[in-house]
Each structure stands twice: as C-alpha cells, then as structure tokens.
Ligand code: UDP
Ligand code: MG
C-alpha cells in the first residue's frame, strides 16, 4: 500500500510539534520532524554532516534537500508504518524539488496542514519555550523568520494553488487550536480508507 503523508507547515514556534504530538495520540500517524531529524544527525558523532547542519540551523538557512530527504525516507522505512506527519518540510523550492524527485511517486500527499501565526506570537513562544536550542535566540529567529517569509511562504502558496492547504488559526491556546485540528482529521475523506 502507498504510504500517506501530511505536510505540516507554519512559522518557527507556530505549534507544529505540539499539535503533531496530539495528532499522533489520536489518529495513528507517525510524527517526523525534519528539524528534529537534522538535530539528531548533527549530534551523531559518525555523521559527516554535523558541522554543516549546525551552521545552517544557527543561520536559519535550509539544509540541502539531499540530506533532509534521505533522513525522512530512512525514518519512514524504519517505522514500518504507513501514515506520516512530516513537520517542517518542505521549506523551500529546493526541498520541494528534491522531494518530488525522490518521493512523489512513492507516497500520497493527503494535504498540507498550515499553522498560521503572526511573527510576534511566534517570537514570544520561541523565546519562552526553553528548549535549549541554538537557534531560539533573537538573532537566529530574525533569520529564521526571513527564511520563512521568503522561502517557505511561496511553498504554502504553491499548495494553496493546488487546493491542498488546510489552514488553522494557531494564535490561540493549545486546546483551542487542537479542536480545529481534530475537525480536519475527523473528516471522512481524511479519516477514512487508510485509518
Ligand atoms: N531545517 C532545514 N530543513 C528542514 C527542516 C529544518 O534546514 O527541512 C533547519 C532550518 O535551519 C530550521 C531549523 O532546522 O531553521 C529548525 O527547524 P525546526 O523545524 O525544528 O524549527 P521550528 O519551525 O519547529 O521552530
Ligand atoms: Mg518544531
């Protein structure tokens, strides 16, 4: 059977990771955060990409897709599962092109879940979440937001043109946002078939 994929996008601190954890509990998806996979690879002493990844992350730039896409594919294969939330990817045209080339024929894209949140709210959340990340500081955040606006927004617009975007107002609290998320995952065409 063809695995199905939901891309989860939104600015840094929009709540993608938090909401994905909830979705996993209720709807049997596997959550794959591209950022987490990259950080894991960076921390692996055997990796030849550690330094490159850290530099990209601190500068808020997007790591070349060959690295990210192979981490995602390996994680999908290793899971043995068939429903994936791919969080924080594709973030730019290079990501999208690389994914299309390597993966488009192997999986079915269900939709793109877009957590829409103004930058001021995102900034506040990143600065107060205390995740110990090397990019949750004002200087990196400014760069991440620029990357988001210049590179990721056009990808969301691309999927909007294909009518594949499900937009969520992510400014509210976790519970309220999750109510809207649930509504989407309860739709018969989403929940059905491959639940
Ligand atoms: N990143 C990347 N490619 C990806 C996902 C993440 O290069 O596909 C890098 C990028 O530098 C980004 C950082 O990892 O700024 C952190 O991403 P993450 O998704 O963890 O941040 P979030 O949006 O969840 O705050
Ligand atoms: Mg995240």
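Just so you know, glycine gets a Cβ as well, placed from its N, Cα and C.
Other Cβ atoms within 10 Å of the Cβ of residue 14 (ATP binding site) number 27 in total over all chains. DSSP classifies residue 14 (ATP binding site) as coil under the three-state reduction. Per TrEMBL, ATP binding site is recorded for 13, 14, 15, 16, 17, 18, 129, 172.
Here TrEMBL flags 39, 61, 62, 63, 88, 89, 90, 91, 133, 144 as ribonucleoside 5'-phosphate binding site. According to DSSP, residue 133 (ribonucleoside 5'-phosphate binding site) sits in a coil region rather than a helix or strand. Sequence-distant neighbours of residue 133 (ribonucleoside 5'-phosphate binding site) (same chain, 6+ apart, CB under 8 A from its CB) do not exist here.
Feature annotation from TrEMBL assigns CMP binding site to 95. Taking a C-beta cut-off of under 8 Å and a sequence gap of six or more, residue 95 (CMP binding site) has these contacts in its own chain: 62, 65, 68, 69, 89, 155.
Residues or ranges marked as region 'NMPbind' by TrEMBL: 33-63. Tertiary proximity for the region 'NMPbind' (33-63) is limited to same-chain residues at least six positions away from its ends with a CB under 8 Å from its CB atoms, namely 16-17, 20, 71-72, 75, 86-89, 91-92, 94-95, 134-135, 140-147, 151.
Sparsest Cβ environment among the binding-site residues 13, 17, 88, 90 (other Cβ atoms counted within 10 Å): 17. The Cβ of residue 39 (ribonucleoside 5'-phosphate binding site) has 17 neighbouring Cβ atoms from other residues within 10 Å, across all protein chains displayed. Considering only the residues assigned to ribonucleoside 5'-phosphate binding, 39, 61, 62, 63, 88, 89, 90, 91, 133, 144, the longest pairwise Cα distance works out to 21 Å. Residue pair residue 88 (ribonucleoside 5'-phosphate binding site) / residue 16 (ATP binding site) shows a Cα separation of 8 Å. For the region 'NMPbind' (33-63), DSSP puts the residue distribution at 19 helix, 1 strand, 11 coil.
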